[in-house]
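Feature list (source: TrEMBL):
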BINDING   17, 50, 53, 94, 127  Fe cation binding site
DOMAIN    1-145  domain 'Ferritin-like diiron'
């Protein structure tokens, strides 16, 4: 059984992961409206991954005898001016999610909750990858510049090659991490 405080943090994280999915769907809509189908596809896949993350937390809470308490998901931003603005928002958002994951990890250590410490390790590693991917995309956009149509189209094609894969803890059927 997990503590009430940990249960609350994990339930809040479900909401944050689902918000992340909404945010990335909003980014997808922006790119689709600009006929950048590769970017749109990349963010659709990202939205699916964030939903997977929410399900991993959902399953873990149930597995450890907690109670899932779904929370309202606020509407994400949906008006953007530039590609760089969107990618910067992605970087900022991933950094925020990393801080939230670290907070859960810190609480697990404080409570000597070894099961949750083990569970959250996957997310710590995942967030390192998420931040690196977002920062790399931002770096590429800044290098190319918004006015280089060929460069943007080449990056769009690269982004469109992304393939969705179910998050490892869900794919393995090991919902506790």
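The backbone N, Cα and C atoms fix where each Cβ goes, glycine too.
Curation plays no part in TrEMBL annotations; they are all automatic predictions.
Shown here: features listed in TrEMBL, placed on the structure.
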residue: 17; record: Fe cation binding site; CB count, 10 Å: 23
residue: 50; record: Fe cation binding site; CB count, 10 Å: 24
residue: 53; record: Fe cation binding site; CB count, 10 Å: 26
residue: 94; record: Fe cation binding site; CB count, 10 Å: 21
residue: 127; record: Fe cation binding site; CB count, 10 Å: 19
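Sitting within 8 Å of the Cβ centre of 17, 50, 53, 94, 127, and not among those site residues for Fe cation, are the Cβ atoms of 16, 20, 49, 97, 101, 123, 126, 130.
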